């Protein structure tokens, strides 16, 4: 029941006593490598003719399993085991197709690895389930970013800022960051208060100051209200005098340097002179600032305006002194006049209020008008 070809193959490959079925020697391995380089990895019958007792099948298996430099001889990795599990579950013992999924591994190496270690695990525990690999946890972003923003670090509020129509900011800092030039000028060429809140983010500065005063000293509420009104009028005056540029703030004002403000407001403390109204207008040294009354949370445009707009405060102070001077002159004229007349229709200049006066003499305009009538009545002499 056997054909001639079958008998010939059986004799040449198995039964011939001249066949060498023992281990390969170094000389045989070297000949296989040399003839593979000469004939290529396909002509195994021609290569076997140069190896006594070896057939083409033996040379091919020796090359692909051991001598090929592209074959991996390292230990098996978990990723390769996972691929073998999945492929064997789908393909079974089709080692040649499984080996195509593993570059550098031969079908014989895959089969040996399966039979030696992996098959026992599958028989006892079954195929391992594919565990969903979660991505690495994202790094926390709660670190603080250092910034030199107008000489104080900004802590963003815990809640969202009020105002639903406002566009979200592109960065974590709601203040405009002004680049620091190389040369530090001696003066700040632009009002500090206008540089503070360029993006116009609402800052609860007045509320913070008022809350601080209310908690510690309730008697100062009146002073706080007056301070708020003064700040509002000062800010409106500054906005009306000079419009804020919208682009290229650093290029238009090269003399701006944020560290100068830092030195004047935080390092120097109370006795640091600050130039705040341009290169040609200089303000007097800023008065001492009670830092205990200004908490850290009130670091805002309002606070910087208190520190850097001292010239306007000085003007207001001068107006108050001028008003007191007018009152003193009024009192002097009242006491030195010999023609005092208490007629309710033509009242004399007096610092004492009279209940029957038709007009109040508390304003400079009314004082001037009353004083003019008085001079007309008495012939222009006082």
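Glycine is no exception: its Cβ is also placed from the backbone N, Cα and C atoms.
As stated in Swiss-Prot, the feature DNA-binding region covers range 95-118 out of the listed 71-94, 95-118. Per Swiss-Prot, the range carrying the annotation region 'Transcriptional activation domain' out of 151-203, 204-256 is 204-256. When Swiss-Prot is compared with the stretches 20-43, 44-67, the one noted as DNA-binding region is 44-67. Sequence-distant contacts of the DNA-binding region (95-118) (same chain, six or more residues past either end, CB-CB distance under 8 Å): 61, 64-65, 70-72, 76, 80-81, 83-85, 87-88. Under DSSP, residues within the DNA-binding region (44-67) fall into helix, strand and coil as 17 helix, 0 strand, 7 coil.
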